[in-house]
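A.B. asks: After the structure tokens below, expect a handful of questions from me.
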Amino acid sequence: MKVVEVKHPLIKHKIGLMREGDISTKRFRELATEVGSLLTYEATADFETEKVTIEGWNGPVEIDQIKGKKVTVVPILRAGLGMMDGVLEHVPSARISVVGVYRDEETLEPVPYFNKLASNIDERIALVVDPMLATGGSMIATLDLLKENGCKQFKVLVLVAAPEGIAALEKAHPDVELYTAAIDEKLNDKGYIIPGLGDAGDKIFGTK
């Protein structure tokens with residue numbers, strides 16, 4: 001599995017700001033969007049382009065355009081919604097597929113509860129977004145669902161990943177690509193990433 005920890009100074013700076021314990025909902029939400037945008041820039045760097053001639057201000061001009069990529073952005077509910085706008089800044093024509101998976105706080109197992117996928121998903125590359133890759137269970141369940149519906153190409157974008165989650169994802173889905181702003185130290189006994197960001201969903205939505 002391809003794992004990319006994006007080490008651009010802007011990303012490192014912004015993810016550092018997100019670690020502040022008493023960060024406001026507004027600021028956390030803004031930073032999640034910004035880091036999601038920067039991760040998308042990195043994740044789409046291998047998209048092929050083709051030459052197209054358009055009518056410019058002074059006659060025909062040849063330009064580069066993305067070549068035939070159909071994209072679906074897949075936020076995992078609910079926290080993934082906090083990264084979605086940042087992704088759409090770069091691929092505004094992408095279709096949105098929504099998958100609902102929550103983690104049982106006692107068993108730490110993923111529990112799927114909702115999905116609404118884009119049409120022709122078998123022809124699309126999926127940019128799957130979720131702020132945290134902790135145990136990997138929610139991401140694995142989402143990728144299982146996408147594959148069951150015919151999707152074949154995946155790029156996973158997360159703000160912070162734990163080594164345990166990376167290992168689990170690689171074992172279950174070695175064909176995906178993972179882009180993360182940070183690989184943290186470990187999971188604690190409750191399955192939270194250390195040092196992590198805290199509960200990203202609560203911080204994005206202002207709930208507890």
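Even glycines carry a Cβ here, placed using N, Cα and C.
Pulled the feature table from Swiss-Prot, pasting it below:
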{"type": "BINDING", "residues": "R78, R103, D130, P131, M132, L133, A134, T135, G136, G137, S138, D199", "note": "5-phospho-alpha-D-ribose 1-diphosphate binding site"}
{"type": "BINDING", "residues": "I193, G198, D199, A200", "note": "uracil binding site"}
A.B. asks: Counting distance between Cα atoms, which of the binding-site residues I193, G198, D199, A200 is nearest D130 (5-phospho-alpha-D-ribose 1-diphosphate binding site)?
C.D. replies: A200
A.B. asks: What does the structure give for the C-alpha distance between M132 (5-phospho-alpha-D-ribose 1-diphosphate binding site) and I193 (uracil binding site)? Integer Å is fine.
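C.D. replies: Per the Cα atoms, M132 (5-phospho-alpha-D-ribose 1-diphosphate binding site) and I193 (uracil binding site) stand 8 Å apart.
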A.B. asks: Determine the Cβ neighbour count for A200 (uracil binding site): the number of other Cβ atoms within 10 Å of its Cβ.
C.D. replies: 24
A.B. asks: Please report how many Å separate the Cα atom of G136 (5-phospho-alpha-D-ribose 1-diphosphate binding site) from that of G198 (uracil binding site), as a whole number.
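C.D. replies: Between the Cα atoms of G136 (5-phospho-alpha-D-ribose 1-diphosphate binding site) and G198 (uracil binding site), the distance comes to 16 Å.
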A.B. asks: Which of the binding-site residues I193, G198, D199, A200 has its Cα nearest to the Cα of A134 (5-phospho-alpha-D-ribose 1-diphosphate binding site)?
C.D. replies: I193
A.B. asks: Per DSSP, to which secondary structure element type does M132 (5-phospho-alpha-D-ribose 1-diphosphate binding site) belong, with helix, strand and coil as the options?
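C.D. replies: M132 (5-phospho-alpha-D-ribose 1-diphosphate binding site) sits in a strand per DSSP.
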A.B. asks: Around the uracil site formed by I193, G198, D199, A200, list the extra residues of the same chain whose Cβ is within 8 Å of the site's Cβ centroid.
C.D. replies: P131, M132, V160, Y192, G196, L197, G201, D202, K203
A.B. asks: Sorted by position, what residues of the same chain at least six away from I193 (uracil binding site) have a C-beta under 8 A from it?
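C.D. replies: Looking at Cβ-Cβ distances below 8 Å from I193 (uracil binding site), excluding near sequence neighbours, one finds M132, A134, V160, A161, A162, G165, D184, K186, L187.
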A.B. asks: Between D199 (uracil binding site) and R78 (5-phospho-alpha-D-ribose 1-diphosphate binding site), what is the CA-CA distance rounded to a whole number of Å?
C.D. replies: 11
A.B. asks: When the number of other CB atoms within 10 A of each residue's CB is tallied over all shown chains, which of the binding-site residues G136, G198 has the maximum?
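C.D. replies: Checking each of G136, G198, the winner is G136.
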A.B. asks: For I193 (uracil binding site), what is the secondary structure by DSSP, using just helix, strand and coil?
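C.D. replies: In the DSSP reduction, I193 (uracil binding site) maps to strand.
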A.B. asks: Do you know offhand how many angstrom separate R78 (5-phospho-alpha-D-ribose 1-diphosphate binding site) and A200 (uracil binding site) by C-alpha?
C.D. replies: 10
